[in-house]
């Protein structure tokens, strides 16, 4: 049984809640002692992991729609991508304002260049910014065939973002490895498409 347009609308509502509720939880945790002795790192890791979750969900949509024969699922991809960008922006903001501090924002550029894992992070964010700004139907019409080429760059983010996470942790734990493995698996599902590009 295929999903209807009405069911997709309700699914989008649920996905919006999935994007917004973690923010409410984070505010609650900040104000009610729900974070560890290093709350800045907790906020950075939470926002970064949430961005990664939405990135993986975005990458999951196409193969899921294809294998489950639910073409209307594609309509949720843009929404998931937007939430990925929102959480990636919160992640970047938490580093800039909480780690560096508002009085040291001038150091942000040098920090992003001098620390390789930060360089990967800002490249990923800039790509997400470009994809977000061109995610409208107007941009799709204006860019034509170039639109799909541009939005295929999301696969670069799928590589760089997990590496950024792996590189940023001082002690390797299962979480970043799991995210990297999931990203790799989702990229592997597109093996045939990549082969066509390389020919």
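Yeah, the Cβs are placed from backbone N, Cα and C, and that goes for glycine too.
The shown structure was predicted, so the numbers you read here are calculated from the model rather than taken from an experiment.
Residues 3, 39, 42-43, 46-47, 50, 54, 75-76, 79-80, 83, 86-87, 90 of the same chain lie 6 or more positions beyond the ends of the transmembrane segment (10-30) yet place their CB under 8 Å from a CB of it. What Swiss-Prot lists as transmembrane segment is 10-30 (among others), and the listing cites sequence analysis.
As annotated by Swiss-Prot, transmembrane segment applies to 82-102 (among others), with the evidence given as sequence analysis.
Positions annotated as transmembrane segment by Swiss-Prot: 116-136 (among others). Using a Cβ-Cβ cut-off under 8 Å and counting only residues 6 or more beyond its ends in the same chain, the transmembrane segment (116-136) has close neighbours at 78, 81-82, 84-85, 88-89, 91-92, 95, 143, 147, 150-151, 153-154, 156-157, 160-161, 163-164, 167-168.
Per Swiss-Prot, the feature transmembrane segment maps to 153-173 (among others); the stated evidence is sequence analysis.
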